[in-house]
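So that you can see what the record holds, here are the features copied from Swiss-Prot:
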BINDING   Thr9, Phe10, His17, Gly88, Leu89, Arg90, Glu98, Phe123, Ala124, Phe125, Leu126, Ser127, Ser128, Thr129  ATP binding site
BINDING   Thr9, Lys41, Leu73, Arg87  substrate binding site
SITE      His17  site 'Transition state stabilizer'
Amino acid sequence: MKIAIYPGTFDPVTNGHYDLIKRAACMFEKLVIGVAESPSKATLFSLDERVALLRETCYELPNVSVEGFSGLLVDFATEQNASILVRGLRTTMDFEYEFGLTTMYRRLKPELESLFLTPSEEFAFLSSTLVREVAIHGGEIEQFVPGCVHQAVVAKVKAFKN
């Protein structure tokens, strides 16, 4: 069984992430969404909240599971019996960053391959950082995130402001 992992922080998950998840799910027998703890990043949502939002977002995709993880991605891939990492590339800056990561992953686990997918055109500009910034400054984000995520972001931002 070909198992792939799509790792990320997903803070929050965007329509761009979900588009990539749906496309990758068609390519593999099983796709594991690896939600990284990322202690070095200040996140809007906790790891458990991000996992829950992704599970709610992906509930219609039977071959997709969502798992939180901390530590090295290559160790998580080994735990999940995954042989492929799926990564999204929006810009040349993404490519440079991902190329460095892929080189390190190959050193740590040579049998782990990376598959890079470019976003659908309507999502090429979209990032979690932009969504958070727009939401924090009172902008409307409904068109950029799944419905359950929109509600959660609005509630979280409102709670921070109170």
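Glycine too: its Cβ is placed from the backbone N, Cα and C atoms.
Separation of the C-alpha atoms of Thr9 (ATP binding site) and Leu73 (substrate binding site): 12 Å, rounded to the nearest whole number. When the Cα of His17 (ATP binding site) is compared against those of the binding-site residues Lys41, Leu73, Arg87, the shortest separation belongs to Arg87. Most Cβ neighbours within 10 Å among the binding-site residues Thr9, Ser128: this distinction goes to Ser128. Take the binding-site residues Leu73, Ala124, Leu126: by the count of other Cβ atoms within 10 Å of each Cβ, the lowest one is Ala124. Sorted by the number of other CB atoms within 10 A, the binding-site residues His17, Lys41, Arg87 start with Lys41, the lowest. Following the DSSP three-state reduction, the secondary structure of His17 (ATP binding site) is helix. Take the Cα of Ala124 (ATP binding site) and measure to each of the binding-site residues Lys41, Leu73, Arg87: the nearest one is Arg87. Annotation note: Ser128 (ATP binding site) sits in a helical segment as assigned by DSSP. In the three-state DSSP reading, Arg87 (substrate binding site) counts as strand. Residues near Leu89 (ATP binding site) in space but far in sequence (CB under 8 A, at least 6 apart, same chain), listed by position: Phe95, Glu98, Phe116, Leu117, Thr118, Pro119. There are 17 other CB atoms within 10 A of the CB of Glu98 (ATP binding site), with all protein chains counted.
A gap of 24 Å separates the Cα atoms of Leu126 (ATP binding site) and Leu73 (substrate binding site). Across the structure, Ser128 (ATP binding site) and Lys41 (substrate binding site) place their CA atoms 13 angstrom apart.
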